[in-house]
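A.B. asks: Please read through the structure below; I'll follow up with questions.
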Amino acid sequence: MFVEAGHFALALALGLSLIQFVVPLWGARANDPVLMSVGRATSLAVFVCIAFSFLALTVAYVTSDFSVVNVVANSHSAKPLIYKISGVWGNHEGSMLLWVLILALFGAVVALARNSIPLRLQANTLAMQGAITIAFLLFILLTSNPFTRSVPAPAEGQDLNPLLQDPGLAIHPPLLYIGYVGFSVSFAFAIAALIDGRIDAVWARIVRPWTLGAWAFLTLGIAMGSYWAYYELGWGGWWFWDPVENASLMPWLAGTALLHSTVVMEKRDALKVWTILLAILTFSLSLLGTFLVRSGVLTSVHSFAVDPERGTFILGILILIIGGSLALFAWRAPLLKQGGLFAPVSREGALVVNNLFLATACATVLIGTLYPLALEVLTGEKISVGAPFFNFTFLPLIVPLLLLLPLGQTLAWKRGNFLGTAQRLYAVFGVSLIATMALFAFEYGGPVAAPLGIGLGVYLVLGSLNEIVTRSWSRGTPLSVAWRRAANLPRSTWGAVLAHAGVGLTVIGIAATAWGVEGLATIRSGERVKAGDYEARLERVMPRIEANYREDVAVFTIFRQGQELGSLESMKRLYVTRGMPTTEAGIMTVGLGQVYVSLGEVAADGSVGVRLYYKPLVLLIWIGALVMALGGGVSLMDRRLRIGAPARAKMAPSAAVPAE
Amino acid sequence: MRFVLALLTSLVLTVPTWAVQPDEVLKDPALERRAREISSGLRCLVCQNQSIDDSDAQLAKDLRLLVRERLVAGDTDQQVQDFLVQRYGEFVLLKPTFSAHNMLLWLTPILVLVMGGIGAYAALRRRPQAAEALNEEERRVLEALLKQDRSAS
């Protein structure tokens, strides 16, 4: 019964989102505040319905209700509870339900921000959210219904894909989806502005927190996915330029550009048309990502034929939303007035360069991902575009951007002085140069990439922090005063500094992978495998049986230069229901680096294939991403963005008059 | 998105685990390094976007052994690559060739960057950098206003 109720709630949500789409839009045209405010109530109701529906599916999973096809295909009664819950979105139907749930959640939050957004803008925005909800609810109800019953119900389920039975599944998709779907709010605001034909700094101020939030979550989601792949897939790679990864990287790049252009618009009332276009493109790329992943078009062009209905449906949604919004843009954008003049060398100019490079990088990833598909469809020729292509094209675009980053951050608004700015950074240049040289001398004859990359990372971190220093300290300022000034800098400044420093940390982590070493051997108990300074001694291999899998556990003792560091376990698992083997790497964190042991074949005579890696500073890759997201969070707390917060009173001038 | 990838991979028969086996490794470390270098640029044809260096599939193993065989026989890196392309088509290369049908792929980054740059520069130039000077009429009005202002205060 509960399952049917969930299904019904989904259909009800579809009806309500139709109202959410039509009525406020009409109200905005007719200038009727009552009709306009219908959007609020309906978007809350839509959220409640979808949340109920999601709950119904979750209950079916938790109680192992094998009368539901979706549960049968992706669950098992012996599965641990956490994977029963995360298994709800570990499949196509459930993950689409999570997608619309988050979409509706964002709609509800926009609706609740009743005092901070002008009614008309809010009405148009909620109508657009409603339109997107309609499209995806139809998709779920017509092609991917998670509530289909299986008659007769089997006694046991087929279990969840073992690779997904990991805490990563509980965290990664929700984070990623909040990021993806969060951009729908910026998109809806952009369309609303186009419909209204009016856009100004207030618009930018309203939209910026949404973009920031979505961006921070997307950053976390991508980083989490990368770390998950790193420890789960068992060969220690952390980014593969896989089409599915690219699908999440593209909205991230566009979203980063959007974040920066919104700053220009908010502060200087410039780049309006471009910002609107970026908001549309960013969400379009999120949709494209969903399409690429959900239609299965990536595996091969032919998988379209396997399930043509779903693929075609999403493609239809894609064309309707993207095509429609771009057409609206072409029609209405000329109406928007340009404001805010600036010289080419200025903070605005630097942010234009930032946008140019990010957009190009995004276009590169896009063409690299889609070109093989297009070529095969058009000419029948099959080519592969993989990591070597992306490394070759992406790096030359990103490195100049990163080199310019601290300079741009230091330039003045409106009209800047390039040399003067460079002068303010001379200490940063000096220290990073010395660091690079020292690393070269230290490693003598090692890979070139590592010192250069780490030098770049150091330059980014110091260059960002330099902003705080120059704004709070000058020669002769007592430290306590400087400290207070630094603490009083706007949160958005701190946010930007943190985010940019986070980029630097990630760059250092990536560059240091060039120093990674690996060792490879088939060994028995008591024997060792060596990688650089590190050694792993195999102590024993023992079988272990858990609820839904059995595994061979190899216990290793790790040594550095002959000194014992501790022990770790590396597993080779077999998930019984699916008969599918997985490896669980044994990982030991040493400082910011990691020792990583993965198992190969376990032979009958007790010998084991072992691969040992030492990856110096590898954790910085993800720590950097965390710091970036943290920067986004800190920036969100800036009081300027808390609309409706009382403006700070001007400092009373009388305080400066000494009492005589 | 990794989990979706994992879903897809599981459909395509391989579980990515382990790649190069100890018994495949060449004795000569220089040759082995070249072999690894070449392998990481070759696609495992039956996998999802994995290089043969990363893949555990049987075909990837065969290809790895083939690469090593050719290297031991004295082929240059280029010859090994050409040999594999001849056998399996361009699909085997993870970095596509710089040829006519891939022109658009290779040139897109540069085209977007250059055209975007020109576009941005043109948009900046088109906007007047300074407001026009006041004409006689406007100056007179301004004078009058200022005078009024001064006398008022």
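A Cβ is built for glycine as well, from the same backbone N, Cα and C atoms used for every other residue.
Caution: TrEMBL annotation is automatic and unverified by curators.
Pasting the relevant annotations from TrEMBL:
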type	residues	note
DOMAIN	A:89-295	domain 'Cytochrome c assembly protein'
DOMAIN	A:315-639	domain 'Cytochrome c-type biogenesis protein CcmF C-terminal'
TRANSMEM	A:6-26	transmembrane segment
TRANSMEM	A:38-62	transmembrane segment
TRANSMEM	A:96-113	transmembrane segment
TRANSMEM	A:125-142	transmembrane segment
TRANSMEM	A:175-195	transmembrane segment
TRANSMEM	A:207-229	transmembrane segment
TRANSMEM	A:249-266	transmembrane segment
TRANSMEM	A:273-293	transmembrane segment
TRANSMEM	A:352-374	transmembrane segment
TRANSMEM	A:394-413	transmembrane segment
TRANSMEM	A:448-465	transmembrane segment
TRANSMEM	A:494-517	transmembrane segment
A.B. asks: In the same chain, which residue numbers or ranges, 6 or more beyond the ends of the transmembrane segment (A:207-229), come under 8 angstroms Cβ to Cβ?
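C.D. replies: Contacts with the transmembrane segment (A:207-229): 106, 166, 168, 171-173, 175-183, 185-186, 189-190, 237-240, 245, 248-249, 251-252, 255-256, 258-259, 262-263, 266, 279, 621-622, 625-626, 628-629, 632-633, 635-636, 641.
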A.B. asks: By Cβ distance under 8 Å, which residues at least 6 away from the ends of the transmembrane segment (A:394-413) in the same chain are close to it?
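C.D. replies: Contacts of the transmembrane segment (A:394-413) (Cβ under 8 Å, skipping residues fewer than 6 from its ends): 267-268, 342, 345-351, 353-354, 357-358, 360-361, 364-365, 421-422, 424-425, 428, 456, 459-460, 462-464, 466-467, 470, 496, 500, 503, 507.
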A.B. asks: By a Cβ-Cβ criterion of under 8 Å, what residues six or more beyond either terminus of the transmembrane segment (A:38-62) are in contact with it?
C.D. replies: 2-3, 5-7, 9-10, 12-13, 16-17, 19-20, 23-24, 27, 68, 70-71, 75, 81, 84-85, 87-88, 94, 97-98, 100-101, 104-105, 107-108, 110-112, 114, 122-123, 126-127, 129-130, 133, 146-147
A.B. asks: Determine which residues of the chain contact the transmembrane segment (A:249-266) at the Cβ level, with the cut-off under 8 Å and only residues 6 or more beyond its ends counted.
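C.D. replies: For the transmembrane segment (A:249-266), the far contacts come to 179-180, 183, 186, 201, 203-205, 207-208, 211-212, 214-215, 218-219, 222, 272, 274-275, 278-279, 281-283, 285-286, 288-289, 340, 347-348, 351-352, 354-355, 358-359, 361-362, 365-366, 369.
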A.B. asks: Are there residues at least six beyond either end of the transmembrane segment (A:448-465) with Cβ under 8 Å to its Cβ atoms? List them, or say none.
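C.D. replies: Residues packing against the transmembrane segment (A:448-465) from afar: 399, 402-403, 405-407, 409-410, 425, 427-429, 431-433, 435-436, 439-440, 496-498, 500-501, 503-512, 514-515.
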A.B. asks: Mean pLDDT for the domain 'Cytochrome c-type biogenesis protein CcmF C-terminal' (A:315-639), as a whole number?
C.D. replies: 89
